[in-house]
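Per TrEMBL, the features are:
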type	residues	note
ACT_SITE	D300	active site, charge relay system
ACT_SITE	H332	active site, charge relay system
ACT_SITE	S519	active site, charge relay system
COMPBIAS	843-865	compositional bias 'Polar residues'
DOMAIN	291-552	domain 'Peptidase S8/S53'
DOMAIN	738-862	domain 'DUF11'
REGION	841-867	region 'Disordered'
SIGNAL	1-25	signal peptide
Amino acid sequence: MRNTPTYLLRLAIPAALAGAGSAHAGATESSWWRVHAGPDAAAAAHFRGGEDYSHFRWLALPADDAAALRAAGIEVHAADDAFELALGGVRFDPLRDGAPPPGIRRSWSPQPGDDWRLVQFTGPLRSAWLKGLAEAGMEPVQYIHPYTYVVWADAESSRRAAQLEGVRWVGEFLPDYRYAPPFRGRAAGPVTVELLARPGLPSIDDALSARNVEVISRGHMDRHFEVIEIIVDAGELEDIATLPGIYSVQPVAVPQNRSEMSVQINSGNVDGSGAAFPGYRDYLDDIGVDGSGVILACVDSGTQADHPDLVNRMLPCNGAPSCGTGAQSGAHGTHVAGIMVADGSSGTLNTGGFLRGLGMAPGARLVEQRYTNAITAPQYLNRMRDSVRNNAVLSNNSWGGGGPAGYESTARQVDIGSRDADADAPGDQPLLYVLAIDNGYGGTSSQGVPDEAKNIFTIGSAWAQVSAETQDLRNNDISENSAHGPALDGRFIPFMIANSRYTESSAGTSGYAMQGGTSQAAPHVAGASGLFFQYYRKLYGSDPSPAMVKASFLAITRDLTGNNDADGNVIAPRPASTQGWGRMQPHKVLAPDHPVVHIDQTHVFAESGETWQVRLAAADPDAPMQVMLVWTDAPGPGLGGATPGWVNDLDLRVTAADDSLYLGNVFNAGWSATGGTPDTRNNSEGAFLRADQHQGHIDIEVLAANIAGNALPNAGADNAQDFALACYNCVMPAAGADLALVLTDVPDPVTAGTALTWVIGVSNMGPGAATNTRVQLALPPEAVYSTRYVDPGPSGLDWSCAASGSDVECQLDGDLPAGVIAPLLSVEAMIAVTAEGPIEATATASSDTPDPYGGNNSRSETTEVLPSGDILFRDGFECAAGRPGC
């Protein structure tokens, strides 16, 4: 008998898994759990109750039942306060606590006609539930975690929706939610405001006209929301929030700004003491990239394009309201542009021999945009549109508004533009938006806007130079000026740190200057990212997605844990809201020590519970394997405050050669650790395994824990999510199909003279499809084959079986693609009445496709046979009438 629990134990763990209802009797509403089948995935078919998502089950359980499941070796994760919303500055579970009454306008009451309303579901989203809403007359518009949709509907549709499958609660979208606390309390007088509103409603225009509102500009953020920028007396804002069709009221934040020595520090070209040395151009020649062919956008206060170190790098910015003229004397913009692309053409050196005007990507070209230019709403998204229309692959943004304000309108805009920055052009026009986090000077949540966006590359700063001639050797300390997270919804920001305080770069028409905020951190990353675009094009002939750029850099950062943060305190382990994933190491990205596997948005999830899998081998079995998963998420609610900004939840799950499971973002002392819980908030998840942990290869699984929004709007109307994955020191296995088999006996022990079932799970870890897949099950002599059962799965495949004596051979009726699990196969046999003691069966999977890893193709299972009439007491659970094996 194996030491791992048998499936009888799982079934004997009370009604938690055996009940027929959607919630266990006596379970509290907050006691919700995600239950996985663990290593014995075949066992999952026998769970009942709750919601079945194929690869996990969503259950309401008492805590003691969940503890028993965990003690039995089953993977169980608690969802604390599973249905608690954060809206309008209030946290509430609408069933447990009741929805709060109106606060800012207590006399407000919902109208019977169309307006924004809320629908909360019973768990991770299903597309069928959203289709049900549409059939009831509702338009699902925006997901809000947990499991809630803002819908456009009238009161009668709300009543119908309350009766639909999967619906937990239907309620009103209060004015308090539309005018969030970070935006309230404005003194009377004119204020510039953004309204997010339902497009095309004359009633809104009429109401604004009646209030003598000055409309500055308006434009669509996406198909659901129009942005109307207005000037109005602050005293009118609460009333405007009560208007049907007004989704959010947000005062506009005023935008403000955020030599070779620094680029060498950031590129890791330092000696043993951490001191940089000249020679960045030679270094770029050695690794074969300098940014040639790549166009970057510098969105800033203006650039002096005739500076001798910039003049050969500048391209005209055409046809866009945000375009600069190249003649602005903006010291900040010229400095930032120099960090990005200055080519050192002037030959000006400091006393240490460093070129004073040499940037990170001296072969790239630059287009200049000004954030100070007048531009129509939505301003942030329209600047991104101007960038892609000038063929830029990324924009650097060393500016933003003060805060914090949560995930608000500007964060939503830049997240939309990260996927598609120009809605008027066919298909997607992605743009990597590199942002300097605010100079918040440490503390907690000292960021500004749009710093809390999730799809962008938000960068903090570390020390770089003391003067134009002298380096600051505190390379791994976060500088005093840099903001700390977290985001108001708990996600960690910034994503990464770059050395930038202080930095010498181009200034004026021909000079140089020292500047040193986070404004100088971001362009180091933007320039390095430009180098990566060239590197990636050489490898694959195409551009990386923004998610791929982030994954490739975040997977191989330098961990700053134990050094000082901006407050002089010890930096917490990564990922953290001080260092993010750590300090940028572009030399390891552009000239990696070992092979890297890049998987860039090749798979799309459509439903919660779907998975994608791949097996990767270590190129160097004695070196770590480091995996990073990043996805460009669907845009979040944009309401501000503590309302969660995330939508789709993917889980990174990495299984080592010894079957140890490592979840994304669960770390101890800088390395992945077993145990822990899945990260439900962040859209970057990492797993870093030492050689003694991975033991030569890893199985990577990406689980769609919740597909709640459409991250690919140009690919269709249904919810969908793709992802990017980078794995360092990783290679694809030899060509073939890596089959893996799991085997479970039910029940164990079994009584002589009764039926015993072996449940068999077969999966293909790739890289190719398995043809003519079959399973041979060698039964013990005490067993006689009787029948087979197949649990249908999403693959659409089926098994047929035939017996010859004690050998049973089962054949799959089609090819098994890579990353797919075959339908669960149950083979039943009768155990002889005279049988007693342990019996053993062995199952082996094979196919006509070569298998690079045969060690996981075969499993044996020993079952204890009890003489007929014995009563079973096992592991603290009493055998009861009606339970299998009793």
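Quick reminder: no glycine exception, Cβ is built from N, Cα and C everywhere.
Please treat TrEMBL annotations as automatic predictions, because they have not gone through curation.
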Taking helix as H, G and I and strand as E and B in DSSP, count the residues of the domain 'DUF11' (738-862) in helix, strand and coil.
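Once the DSSP states are binned, the domain 'DUF11' (738-862) shows 3 helix, 77 strand, 45 coil.
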Please identify, from the active-site residues D300, H332, S519, the residue with the sparsest Cβ neighbourhood, meaning fewest other Cβ atoms within 10 angstroms.
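Across D300, H332, S519, these active-site residues, the one with fewest Cβ atoms within 10 Å is H332.
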Quick check for the class: what is the C-alpha distance, in angstrom and rounded, between H332 (active site, charge relay system) and D300 (active site, charge relay system)?
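H332 (active site, charge relay system) and D300 (active site, charge relay system) have their Cα atoms 7 Å apart.
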To the nearest Å, how far is the Cα of S519 (active site, charge relay system) from the Cα of D300 (active site, charge relay system)?
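Counting only the Cα atoms, the answer is 10 Å.
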